[in-house]
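**Student:** Can you read through this structure? Questions will come right after.
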Amino acid sequence: MIEKITQEFNEHIATAQQSLIQLNDQIEQICKIIIDCIDRGNKVLLFGNGGSASDAQHIAAEFVGRFVKNRKSFPAIALTTDTSALTAIGNDYGFERVFERQIEGLAVKRDVVIGISTSGNSANVLKALIKAKELECEVIGFSGNNGGKMNDCCDINIVVPSNVTARIQEMHILIGHIICSALDDAN
Ligand SMILES: O=C(CO)[C@@H](O)[C@H](O)[C@H](O)[C@H](O)COP(=O)(O)O
Ligand SMILES: [Zn+2]
């Protein structure tokens with residue numbers, strides 16, 4: 001058991017080190033995009049499946065509530081929380097459209113839309129990103145596994161250098177927290 005624990009920690013540390021080297025500039029760029037988005041009165045929309053649904057909610061909650069600093073509330077919505085919308089859209093239009101349809105109804109031009117998928121290939125995430133692009137949103141991906149199909153539908157796709165779902169998710173939430181911290185500093 002202790003070997004397994006050590007291996008998981010070491011894998012996490014190695015992924016974090018590689019992510020710092022490879023993703024530094026993109027993360028800075030995204031922080032600036034989101035700070036500008038909030039400053040001009042737009043909002044942030046986030047979504048993903050499973051653990052990435054939790055990440056979307058976690059980040060949105062820290063925008064609207066707070067991260068560390070007591071500052072004004074920032075507009076962010078996770079598209080993973082409204083069970084009525086998710087079940088109705090899933091039932092009437094299919095699971096692949098659960099996020100796309102919410103983007104169509106909720107997103108406006110220049111909102112920041114963040115799709116989270118460790119494979120980069122979840123159909124419901126891809127469809128929503130494509131719709132967001134049509135609506136002239138700023139389209140950001142949090143992915144891994146070389147980015148998958150998300151490479152083709154994002155303005156910026158952050159590709160965590162790993163193909164292990166858990167490690168990729170751990171980097172995604174770290175990046176989410178870095179964005180929250182940058183927003184705190186800017187306000
Ligand atoms: O949290 C985990 C695994 O750590 C799972 O719930 C995982 O998020 C689910 O299998 C997702 O459906 C994976 O989708 P994706 O990241 O490839 O878009
Ligand atoms: Zn998980």
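Cβ atoms are placed via backbone N, Cα and C, with glycine included.
Pulled the feature table from TrEMBL, pasting it below:
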BINDING   Asn49, Gly50, Gly51, Glu62, Asn91, Asp92, Ser117, Thr118, Ser119, Ser122, Gln169  substrate binding site
BINDING   His58, Glu62, Gln169, His177  Zn(2+) binding site
DOMAIN    34-187  domain 'SIS'
**Student:** Using a 6 Å cut-off on Cβ distance, which of the binding-site residues Asn49, Gly51, Ser117, His177 come close to any atom of ligand 1?
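**Tutor:** Cβ under 6 Å from ligand 1: Asn49, Gly51, Ser117.
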**Student:** Quick one: among the binding-site residues Asn49, Asn91, Ser117, Ser119, Gln169, which has the most Cβ atoms sitting within 10 Å of its own Cβ?
**Tutor:** Ser117
**Student:** Mean pLDDT for the domain 'SIS' (34-187), as a whole number?
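**Tutor:** Mean pLDDT for the domain 'SIS' (34-187): 98.
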**Student:** Of Asn49, Gly51, Ser117, the binding-site residues listed, which put a C-beta under 6 Å from ligand 2? Please answer none if none do.
**Tutor:** Gly51
**Student:** If one looks at the chain holding Glu62 (Zn(2+) binding site), which residues at least 6 apart in sequence have a CB under 8 angstroms from its CB?
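**Tutor:** Listed in sequence order: Gly176, His177, Cys180.
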**Student:** Would you kindly give the Cα-Cα distance separating Gln169 (substrate binding site) and His58 (Zn(2+) binding site), rounded to the nearest Å?
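**Tutor:** So the alpha carbons of His58 (Zn(2+) binding site) and Gln169 (substrate binding site) sit roughly 12 Å from each other.
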